[in-house]
Ligand SMILES: Nc1nc2c(c(=O)[nH]1)N[C@@H](CN(C=O)c1ccc(C(=O)N[C@@H](CCC(=O)O)C(=O)O)cc1)CN2
């Protein structure tokens, strides 16, 4: 049984919104454990973002739903302990996949790995030995649409609410991305917006960079251009080949994706246009 709820809300900023919402919670005799808010100051109007963790009881959720709906406040209310059903999509590389699976097995955050879907077979044994269903969905240029439909069917069969691209190296169609709107998190192996697309380490090597990085973002139809959730970097030097950079980059890719997925599952992320507000 969940101990408390998490409210994520955003609206046109006005004096008293935070007080209004905290009073609704108080009036149902629910205690607030954590409250964070941020005002995005813009030229024409300010926008308020809120995250509140509070006691679960029989009336607080329905009262909030009633009151916030009448006030044009965008909001979602989550059971804090309810696990986010997640499908992991992977191609050949296993480092990001294994990081998420191992953290899920340690129950580090509320996630349930429902299945792994891959366009290659090489990760099947690793995944099935951990008792996780593995689905191979072959992808070719000619069958891309059919393979995406199959991926959707598999996700729906597990009632999945989040898709994580753990080095899934296929560009997803606009139709697929819209069908899973803001429910797909990717790890891109560069410090975006540098080196978009395939082979970022080769691009980095050619450019002679002294830092390589990784970026986790929500997937949109525009390649590697979705709202950024988390990023990090690691130093390299003239002795690093492109292959050395790829190997060094694995660690930062895994850590960045894990933090992004954790914050999403802990309901700490609100999308603000093509940016995010992350209440860490
Ligand atoms: N619609 C989107 N789809 C995907 C995104 C995205 O941001 N929007 N991110 C990628 C991941 N990725 C970089 O992080 C990436 C993966 C693959 C490619 C690519 O050129 N793939 C080729 C096939 C390559 C192969 O078969 O080995 C292709 O799809 O034609 C570029 C970037 C995941 N999808």
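Glycine residues also receive a Cβ, built from the backbone N, Cα and C atoms like all the rest.
Taken as a whole, the domain 'Formyl transferase N-terminal' (85-261) shows an average pLDDT of 97 in this prediction. The feature domain 'Formyl transferase N-terminal' is assigned by TrEMBL to 85-261.
Remark: residue 224 (active site) has 186, 188, 192, 193, 196, 197, 215, 217 as non-local neighbours, by Cβ distance under 8 Å and separation of at least 6 in sequence. In the three-state DSSP scheme, residue 224 (active site) is classed as coil. What TrEMBL lists as active site is 224.
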